[in-house]
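So that we are looking at the same thing, I have put the structure below in structure tokens.
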């Protein structure tokens, strides 16, 4: 009974099969060169480079560079968050899950969404009131700068690195599939473009790339859903009845199906997904681009609305693909499988409802989507190095702004080179576990330290540091000793840690570690840190003294 | 910013009112969201046939569809309810607290 509950509980948050889709793994066939798609993509790149040029003229201070000067409105930031969160692979992956299993796709997307209201209720406004450029500003607010910033920057960099590898490899494969470009060309192109956006445009250009991408993706998906509904005369009943008729699973597509073979792995990944979102450095950084807590709250409202709307669209698109793609022999190979794999369901549907020009548009949007996500990641990684490690740890808060931004730009170039190199190195590796690992680390290191620094008075530097590192190390170690790396990649016979994902255990280790090493900390410094909780609490609640709040 | 302002805010009754009201509201809404989600998951675990049941005999729409979409919509509505009260009533109270403290 309990096992079954755990299994479904976990399944509600994600499905392992689709999780893999977020990294877009497996063999893909290179498609013929798609001219319409390339032209539209060139138009997108041209427009975003103009924006980058415009942004570079306006970027004068460190605040401009890291947080767009706090001048982004709640509505714009909501769109940008949605742009950061709706990855190309989740668009293709969720519609593919609906295409193959129907209702399960909806269960999956709901799991992605329910974390957002919780971020609003518990984290968003305190984060905005306490922080300046990175979430480490908040975590280290009353604690030892050196220790906590080093910890947070390490946590951020590890998360960014794994996430970047997954995105780069996914990008290379997707572009091969959609545009017919060579894998290496695609990876290098993505690396150079993201580098240009971040290097010259900073947060302002990155934000606008994400906004444009979100608008394009939402309009493209809206158009597809509209055409699907037009096909069935705007009658949902007809949409579902026709899908039941042509789908091999018949009526089963209208109710929960799907089994999870290992409930603890599943539950563990579910936790990582929910709380990892609240520990992703590039998502948290978005809250500093608005002027105050009021706009931060609005950001989450709009983001939740856009993301929820998008998931409803992908549900209709998946069913539309059952009707219009699975019945059309043009989209299938000799064996009757979908050309390019099931992840191509939405792309083929674009062709079916809008012809080759619209197909080109959707392909270009998918590419733009990847660019927006990697640009956000790179900026978060560069900020962790320049703002946390360089300015606060090495220079002890006495760095001048020019040097700090220069370090950030050098890091951006280094990250781009690293991303291209790793993207090529991991081309034929199994990288499906990397997004899961990134979320697990975010949930086991960044999230516990951030949450307790805002909510728990008795937290001390020693506790946060030891617990945070324990979370980070145990997440990585359990992952290495688990079935994915120990058995599949290193070729050992049996996994030492039997479950796929570490978060369930590594989060417990982190929280217990932080608690134990904080309450047993009897040093003078620890008492001072506890005394500093109340001024921090007042600021977190009222915004008194918050950065950017006094400028107007 | 000097410490005495923080101290006077911390001791003000309005501040205590704001904190207790806002925290209670946030926790209640969090509980509703997690409760709705947990309810949905329990249905998938113990009553998948409920979600697979047709809403009327001649329709192919099952209860799972309005419930699932309803959950997405309720996530948006709950954030809306919080933002409305926080950006209105709570921010007014907050302004009053800051004004009082700076006098």
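Each Cβ is built from the backbone N, Cα and C atoms, and glycine gets one as well.
TrEMBL annotations: computationally assigned, not manually curated.
Sharing the feature lines straight out of TrEMBL:
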SIGNAL    A:1-20  signal peptide
TRANSMEM  A:36-56  transmembrane segment
TRANSMEM  A:77-99  transmembrane segment
TRANSMEM  A:105-124  transmembrane segment
TRANSMEM  A:151-171  transmembrane segment
TRANSMEM  A:183-204  transmembrane segment
TRANSMEM  A:211-229  transmembrane segment
TRANSMEM  A:264-288  transmembrane segment
TRANSMEM  A:300-325  transmembrane segment
TRANSMEM  A:357-386  transmembrane segment
TRANSMEM  A:407-426  transmembrane segment
TRANSMEM  A:468-489  transmembrane segment
TRANSMEM  A:501-520  transmembrane segment
Can we call the transmembrane segment (A:264-288) and the transmembrane segment (A:357-386) in contact, meaning three or more C-beta pairs below 8 angstroms at a sequence separation of 6+?
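By the criterion, they touch.
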Thinking of Cβ pairs under 8 Å, which stretch from A:36-56, A:151-171, A:300-325, A:468-489, A:501-520 has the most of them with the transmembrane segment (A:183-204)?
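Per the Cβ under 8 Å count, A:36-56.
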Could you tell me what the rest of the chain brings near the transmembrane segment (A:357-386), counting residues at least six beyond its ends with Cβ under 8 Å?
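For the transmembrane segment (A:357-386), the list is 34-41, 43-44, 48, 66, 83-84, 86-88, 91-92, 133-134, 136, 152-153, 156-157, 160-161, 163-164, 167-168, 170-171, 174-175, 178-179, 190, 193-195, 197-198, 202-203, 205-206, 209-210, 212-214, 216-217, 220, 223-224, 281-282, 285-286, 346-347, 350-351, 404-405, 407-409, 411-412, 415-416, 419.
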Applying the under-8 angstroms CB criterion, which one of A:36-56, A:77-99, A:300-325, A:407-426 scores highest with the transmembrane segment (A:105-124)?
A:300-325
Most CB pairs under 8 Å with the transmembrane segment (A:468-489): which of A:77-99, A:151-171, A:300-325, A:501-520?
A:501-520
For the transmembrane segment (A:77-99), which partner among A:151-171, A:211-229, A:300-325, A:407-426, A:501-520 gives the most CB pairs under 8 Å?
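Comparing A:151-171, A:211-229, A:300-325, A:407-426, A:501-520 against the transmembrane segment (A:77-99), the winner is A:300-325.
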Might you confirm whether the transmembrane segment (A:407-426) is in contact with the transmembrane segment (A:300-325), defined here as three or more C-beta pairs under 8 A between residues 6 or more apart in sequence?
no
With Cβ-Cβ distances below 8 Å as the criterion, list the same-chain residues six or more beyond the ends of the transmembrane segment (A:36-56) that contact it, or say none.
178-179, 193, 196-197, 200-202, 204-205, 208-209, 212, 216, 356-357, 359-361, 363-364, 367-368, 371
By a Cβ-Cβ criterion of under 8 Å, what residues six or more beyond either terminus of the transmembrane segment (A:151-171) are in contact with it?
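Apart from its flanks, the transmembrane segment (A:151-171) reaches 22-25, 87-89, 134-136, 139-140, 186-187, 190-191, 279-282, 367, 370, 373-374, 377-378, 380-381, 384-385, 388-389, 393, 415, 418-420, 422-423, 426-427, 429, 431, 434-435, 437-438, 441-442, 445-446, 449, 464-465, 468-469, 472, 476.
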